[in-house]
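Worksheet: the structure to be examined is printed underneath.
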Amino acid sequence: MSKVTPQPKIGFVSLGCPKNLVDSERILTELRTEGYDVVPSYDDADMVIVNTCGFIDSAVQESLEAIGEALNENGKVIVTGCLGAKEDQIREVHPKVLEITGPHSYEQVLEHVHHYVPKPKHNPFLSLVPEQGVKLTPRHYAYLKISEGCNHRCTFCIIPSMRGDLVSRPIGEVLSEAKRLVDAGVKEILVISQDTSAYGVDVKHRTGFHNGEPVKTSMVSLCEQLSKLGIWTRLHYVYPYPHVDDVIPLMAEGKILPYLDIPLQHASPRILKLMKRPGSVDRQLARIKQWREICPELTLRSTFIVGFPSETEEDFQMLLDFLKEARLDRVGCFKYSPVEGADANALPDQVPEEVKEERWNRFMQLQQQISAERLQEKVGREILVIIDEVDEEGAIGRSMADAPEIDGAVYLNGETNVKPGDILRVKVEHADEYDLWGSRV
């Protein structure tokens, strides 16, 4: 009787943003297709892959620590991802790393794995990989990456130097992936990229094909097509181009979720110019007003940076004034920190850490108040909620206004007869600064 050769085992660590998560899913899918077993522990693995983040200093530190832990626990480590674009920095701290590749270098990663842990003799029918691929998210939602890279040159950001200029995926390929996800039971698709609203710019919005039908390569056409799948579609990382106005009617018609994640970064024209970001705050406020008139249910999420080099109290006050007027629903705020390779590092008048901290606290205090007031308006109303978790105490879900992991939650105490992915109608009974509580209707 022939001896069964055990499958080679690969440990995997995925750090950073959802875009990195999608890269990890692609590598894992290829490994599983080739017959490798992916395991959760280092000591049981023949090798470990660490997919790193290198966007800000804290992310770099986390990545370096993860590499160090993998080396200590296992010894055979391949590094990929954004920090991989800075090989010298990794080698200086961890010279024993076997191989280093940059972001979206899937083929290189697989070649390195084949070199150190040869490909098994694999019968694909013994270990079927799901058609939608290996996913690191719960079964009921998934990220759909539509492009790679970015054409902007924001002075605080090094993404273009790590991931290159914008490269849009063919729209037929994107829509086919979306269909596979829905067929596999996904109820919510989160559209991501470095710059979602620029989708198709690099190919001059050429016409592609899906199911034999012509489809324009653009964000608006993509949203129109995704709306036909009968699931929740959520847009992330939307740069405030003029054509963003065109997706708001789709939200008002219920074709995609009335949710827009649009990083604005600041509200002082002077600071925005230093950041190389769009600078007309009055125009942005007018657009927000218009969007809400067209789609009253619209949820606006944004992120901002406080303590950017040379930011004065007057600049910061402009930001607070903008918050008061815009009354955004979901807001993240970061204290500026220098990122190696970013142009902003060379700007004069760096803001002291204690000033950054004080401004961040004032910013968050104001936004918490706004968020609490916005959520209080929902008390007594009925909303749709998608369930994420269920235990003996009840269920936790999200409304259309909440993206996974970054926004709030809806708590349904005592509601145990549901499962993740169920979409319920819920009456809101209570709210705080970030979350809602309610009961099933």
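A Cβ is built for glycine as well, from the same backbone N, Cα and C atoms used for every other residue.
What Swiss-Prot says about this protein:
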BINDING   Cys17, Cys53, Cys82  [4Fe-4S] cluster 1 binding site
BINDING   Cys150, Cys154, Cys157  [4Fe-4S] cluster 2 binding site
DOMAIN    8-118  domain 'MTTase N-terminal'
DOMAIN    136-373  domain 'Radical SAM core'
DOMAIN    376-441  domain 'TRAM'
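Everything Swiss-Prot records as a feature, shown here on the structure.
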{"residue": "Cys17", "record": "[4Fe-4S] cluster 1 binding site", "Cβ within 10 Å": "17"}
{"residue": "Cys53", "record": "[4Fe-4S] cluster 1 binding site", "Cβ within 10 Å": "22"}
{"residue": "Cys82", "record": "[4Fe-4S] cluster 1 binding site", "Cβ within 10 Å": "28"}
{"residue": "Cys150", "record": "[4Fe-4S] cluster 2 binding site", "Cβ within 10 Å": "22"}
{"residue": "Cys154", "record": "[4Fe-4S] cluster 2 binding site", "Cβ within 10 Å": "20"}
{"residue": "Cys157", "record": "[4Fe-4S] cluster 2 binding site", "Cβ within 10 Å": "22"}
For the recorded [4Fe-4S] cluster 1 site formed by Cys17, Cys53, Cys82, which further same-chain residues have Cβ atoms within 8 Å of the site's Cβ center?
Leu15, Gly16, Lys19, Asn20, Thr52, Gly54, Phe55, Ala59, Gly81, Leu83, Pro103
Provide, as an integer number of angstrom, the distance between the C-alpha atoms of Cys154 ([4Fe-4S] cluster 2 binding site) and Cys17 ([4Fe-4S] cluster 1 binding site).
18
DSSP secondary structure for Cys82 ([4Fe-4S] cluster 1 binding site), reduced to helix/strand/coil, please.
helix
Rounded inter-Cα distance in Å - Cys82 ([4Fe-4S] cluster 1 binding site), Cys150 ([4Fe-4S] cluster 2 binding site):
14
